[in-house]
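Visitor: Before I ask anything, let me first share the structure, which is written out below as structure tokens.
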């Protein structure tokens, strides 16, 4: 991809929101580790967090390469992400995993929408970005499945918790694309 032959507005929006999302995911896992890092589920959370760190690193590189400004909401996502991770972890392993399931399902859905958008707009121009998004979507789906395997559905008020977190994700995506 070069800066000359792409839909600049679409790419800016995608990179900005994905950077914000990966940053938020890092903060969520940091919050979970602060509460559960020394428990039996700590290594599981750490492994997922390590992948999220790689995702954030890649989007940091893409931000520079394509001269995309970050969302102005980064300081807010810093606090909210950590609070969400720590808060759900205080419900126990199940609460943390319910958060993981909710967030990763939302992100995978969002990534699928981005893939569809780019495939409609001369996909050969966006092959590099498509590869990144597909890879990260697949890893987010792995995290989703790990959450289910570690008793996410046993969290207190799982369905309500999941719905609230996913509504928050939709708002975060909407705002981060635009601001």
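Placed from the backbone N, Cα and C atoms, the Cβ positions cover glycine too.
From TrEMBL, for reference:
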- 22, 52, 55, 140: Fe cation 1 binding site (BINDING)
- 52, 104, 140, 143: Fe cation 2 binding site (BINDING)
Visitor: Report the same-chain neighbours of residue 104 (Fe cation 2 binding site): residues 6+ apart in sequence with Cβ closer than 8 Å to its Cβ, ordered by sequence.
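Guide: Long-range Cβ contacts: 140, 141, 143, 144, 147.
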Visitor: Specify all same-chain residues, apart from the site residues 52, 104, 140, 143, whose Cβ lies within 8 angstroms of the center of the Cβ atoms of the Fe cation 2 site, ordered by sequence.
Guide: 25, 48, 51, 100, 103, 107, 108, 139, 141, 142, 144
Visitor: Please work out the number of neighbouring Cβ atoms within 10 Å of the Cβ of residue 143 (Fe cation 2 binding site), leaving out its own Cβ.
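Guide: Other Cβ atoms within 10 Å of residue 143 (Fe cation 2 binding site): 26.
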Visitor: Can you give me the residues near the recorded Fe cation 1 site, meaning same chain, not 22, 52, 55, 140 themselves, Cβ no more than 8 Å from the center of the site's Cβ atoms?
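Guide: Here the nearby residues are 21, 25, 26, 51, 54, 56, 107, 136, 139.
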Visitor: Which has the fewest other CB atoms in a 10 Å radius around its CB: 52, 140, the listed binding-site residues?
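Guide: Relative to the other binding-site residues in 52, 140, 52 has the fewest Cβ atoms within 10 Å.
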